[in-house]
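Notes follow the structure.
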Amino acid sequence: MSGAVFYIFGATGDLAKRKLFPAFYSLYREGKLGENFAVVGLARRPRTNDQFRDDVKNSIEDFARYKITDDGEWDRFAERFEYMSLDINNVAGFHDLNVLTTKLDEKYQTGGNRLFYLALAPELFGNVSYNLSEGGLLETKGWHRLVIEKPFGYDLPSAERLNAQLRQVFEEKDIYRIDHYLGKEMVQNIEFVRFANAFFEPLWNNKYIANIQITLSETVGVEERGGYYDHSGALRDMGQNHMLQMLMMMAMEPPSRLHPEDIRDEKVKVLRSLRLFESGDDVRANVVRGQYATGSSRGKDLPAYREEDSVNPESTTETYFAARVHVDNFRWAGVPFYIRTGKRLPVKTTEVVVEFKNIPNNVYLAKKHDLEPNLLVFRVNPMEGIYLKMNAKQPGSEGVIVPVAMDFCQSCQIGINTPEAYERLLYDATRGDSTYFTRWDEVALAWSYVDRIAAAWAEQSSDLKHYPAGSWGPVEATELLSQDGFKWWPINGQHEGEVDWAAVQKTTVLT
Ligand SMILES: NC(=O)C1=CN([C@@H]2O[C@H](COP(=O)(O)OP(=O)(O)OC[C@H]3O[C@@H](n4cnc5c(N)ncnc54)[C@H](OP(=O)(O)O)[C@@H]3O)[C@@H](O)[C@H]2O)C=CC1
Ligand SMILES: O=C1O[C@H](COP(=O)(O)O)[C@@H](O)[C@H](O)[C@H]1O
C-alpha cells in the first residue's frame, strides 16, 4: 500500500469496536497496510491517546482473528493510533484535525492520501463531508476517499438529498458506499462459481432453472437497536441492500471485463429489469410481511417485538418479509426469485438456493421414480461452502434412486476464519477498488423498487402477520411458493446426506 491516514468518525462506537479495529489489525498482520499509515479516531467524548489505544487493544482481543503477539509488533501498530475529540458540527475542529494530520503525513510518509470512514449515524454524513472540505482536509496532493456506512437514506428522495450533499465535495469515484454483504467471501464467490465453471454457466437461465431462493435468517431480535430498527424495518434494513445485492450477483450477465465499472454496469441492468409492483394489491399478492410475537427458542422464552426497548408498543414495523421478485429480461423471464429475511427465526443462516428444473418426465427414470430436483446451494453465512444435491442410485439396491450431496465445505477446511467482510472492504477502499461497493445508480434503483412496497404498506397495515419468535415466520410466506408449485428448501444442516455442520471446527484465533 502506498500509505494513507485513515480517519474513523465514530471511533467510540459499536461498529468501530466490533469490526473496524479488528479489520485494521488483520490487515496490518498480513502486511497489507505496510508501515506508512496512521489512524485517527474521532468522536465527541474525551479520550487520551493511551485510553484510545487501550480501547483498540480490547476490541482486538475480543473480536480479531489474530492474537496479539509480544514481539514489539503490537507497539508498532498501536503507536499509529491517535485520538481527537471532535464534534462533527464544529468546523473549527476540522482545522485542528488538518494540522494534526499534516504532522502524521510527514511522520509516516503517507503521500497525502486520506481515507475518511464515517461510522456515524447517517444524519451526520452530509455535515462531515462539508466540514472536511471547509477544514482544508482535501487539499493535499494524494487521493481522498469517503467510506460511508449504510443506511444510505430512508427512501429515494432522502437518498438523493444525501447524495447531492456528498457530491458537492466528493466525486462519485471517491465515494465508497458499504454493503458488508458484498465483502463476504461466498457472495463474491457467486460470480466465480457461475462464470468459471463450464457445467453451471450454460444452465444459468430460464430453460434450466426453476426458481432461486435467497434466505437471510437471524436468531437475534433487535437487541439495542430498537430506536433505529423501528424506523427502518426489515425491508429497508436488509431488503434494499443485502438481499437485492445478492439477487444481482445471481442474475447479472457476465461482465465483458473484470473491471469495477463493468461489473457494476451488469448489476444495474438487473435492477432495471426488476418487475415493479403496480399497486397495493400487487404488493400484497407478492410480498408477505411479519412481526415477531412472543415465542421461544431452545427452551428460552422470547419477548414480542413490541415489548423490545425503544420500540413503539403499537408498532407495525416488519421484522420479517418474503417476496416473489421477477427479473424481466431474456435470461430470467418466468423464473421467480424468492427472497426472505427475518429476525427471531430458528437459525442464523444466509443461503442462496438454485432449484433446477426436473428432467422431462417422459424419461424412463423420471416416470418410475419421484425424483427430487437438483439444487445448488451457496452457503454464505456463518458457515461457508457450496452444496450440490443430485440423484444417484442407492448402492446395492435394484435401481432405487436417492438424493445425494456433493458438499464443498470451505469452513471445514479453514475454520470460519476467512477474512471478515470489513477487512476485505477496507483493503479494497485503500487500494481504490470499488467493485464491491455500491454505486449511486444501484442505490437509487434499489430504493425505487423498495419504495413501492413501503408505500403500499404505509397505506394499510392489516396485512402485517404476527409470527412466534423462534419460528420460520408467517405461513403466508410458504403459500407464496406453493402457489407456484414450489417450497422453501430447508436450510442450514437440514439437507440429507450433507456435512455435519455442528461438528465443524469453531473459530480458531490465528497467532
Ligand atoms: N454496529 C453495527 O454492527 C453496524 C453499524 N452500521 C452503521 O454504522 C454506523 C455507526 O453505527 P454504530 O457504531 O453501531 O453506532 P454507535 O451509536 O455505536 O456509534 C456512533 C458513534 O458516533 C459518534 N458521534 C455521535 N454524534 C457525534 C457527533 N456529533 N460528532 C462526532 N461523533 C459523534 C459517537 O461517539 P460520541 O458519542 O463520543 O460522540 C459514536 O462513536 C451507522 O450508520 C450504522 O447504521 C452498519 C452495519 C452494522
Ligand atoms: O446490515 C445489517 O446486517 C446484520 C446482519 O449481518 P450478518 O453479517 O450478521 O448476517 C443485521 O443484523 C442488521 O440488522 C443489519 O443492519
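Glycine is no exception: its Cβ is also placed from the backbone N, Cα and C atoms.
Computed from a predicted structure; not experimentally measured.
For the NADP(+) site, TrEMBL gives GLY10, ALA11, THR12, GLY13, ASP14, LEU15, ALA16, LYS17, ASP87, ILE88, LYS150; the one candidate out of ARG44, ARG53, ARG65, ARG114 that the record lists there too is ARG44. Binding of substrate is annotated in TrEMBL for HIS180, LYS184, ASP237, LYS343, LYS348; the matching candidate from GLU160, GLU201, GLU218, GLU253 at the same site is GLU218. Note: the Cα of GLY10 (NADP(+) binding site) and the Cα of HIS180 (substrate binding site) are spaced 17 Å from each other.
Mean per-residue pLDDT, taken over the domain 'Glucose-6-phosphate dehydrogenase NAD-binding' (8-189), amounts to 96. Each residue contributes its Cα atom, and for ASP14 (NADP(+) binding site) and LYS343 (substrate binding site) these two points are 20 Å apart. Here the C-alpha separation of ALA16 (NADP(+) binding site) and LYS343 (substrate binding site) works out to 23 Å. Between the C-alpha atoms of GLU218 (substrate binding site) and ILE88 (NADP(+) binding site), the distance comes to 34 Å. With a CB cut-off of under 6 A applied against ligand 1, the recorded positions THR12, ASP14, ARG44, ILE88, ASP237, HIS242 are reduced to THR12, ASP14, ARG44, ILE88. Counting only same-chain residues at least 6 apart in sequence, those with a Cβ under 8 Å from the Cβ of LYS343 (substrate binding site) are GLU218, VAL220, GLY221, VAL222, ALA234, TYR292, TYR305, THR319, TYR320. Among the binding-site residues listed here, namely THR12, ARG44, ILE88, THR12 has its C-alpha nearest to that of ASP237 (substrate binding site).
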